[in-house]
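Trainee: Below is the structure I would like to discuss, written out as structure tokens.
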């Protein structure tokens, strides 16, 4: 009986997702961040005149540019 309970406990621990990972918007859909990536970002860049491009996704640290948005909750960078 003890072996059965121990086996059940081990299987339960292995099957649980013990780590939390952040989910951020990216250009097309959602991205599950790596465990060390604690922030979502959105930043508009202008690669060509009059053609803005918004970059979105996970990041390790917040961008310092004035046109960047940084946040730390799921799907917050929309």
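Any Cβ shown, glycine's included, is placed from N, Cα and C.
Take a look at what Swiss-Prot says about it:
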| type | residues | note |
| --- | --- | --- |
| DISULFID | 24-40 | disulfide bond |
| DISULFID | 33-58 | disulfide bond |
| DISULFID | 62-70 | disulfide bond |
| DISULFID | 71-76 | disulfide bond |
| SIGNAL | 1-21 | signal peptide |
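How buried are these features, and what lies next to them?
Mentor: Around the Cβ of residue 40 (disulfide bond), a 10 Å sphere holds 27 further Cβ atoms from the protein chains shown.
According to DSSP, residue 33 (disulfide bond) is assigned to coil rather than to any helix or strand. A C-beta separation below 8 Å, combined with a sequence spacing of at least six in one chain, links residue 33 (disulfide bond) to 21, 22, 23, 24, 40, 58.
Remark: residue 62 (disulfide bond) has 39, 41, 68, 70 as non-local neighbours, by Cβ distance under 8 Å and separation of at least 6 in sequence.
There are 16 other CB atoms within 10 A of the CB of residue 71 (disulfide bond), with all protein chains counted.
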Trainee: If you run the three-state DSSP split on residue 62 (disulfide bond), which class comes out?
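Mentor: Looking at the DSSP assignment, residue 62 (disulfide bond) belongs to neither helix nor strand, so coil.
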Trainee: So for residue 58 (disulfide bond), how many other CB atoms are inside 10 Å of its CB?
Mentor: 21
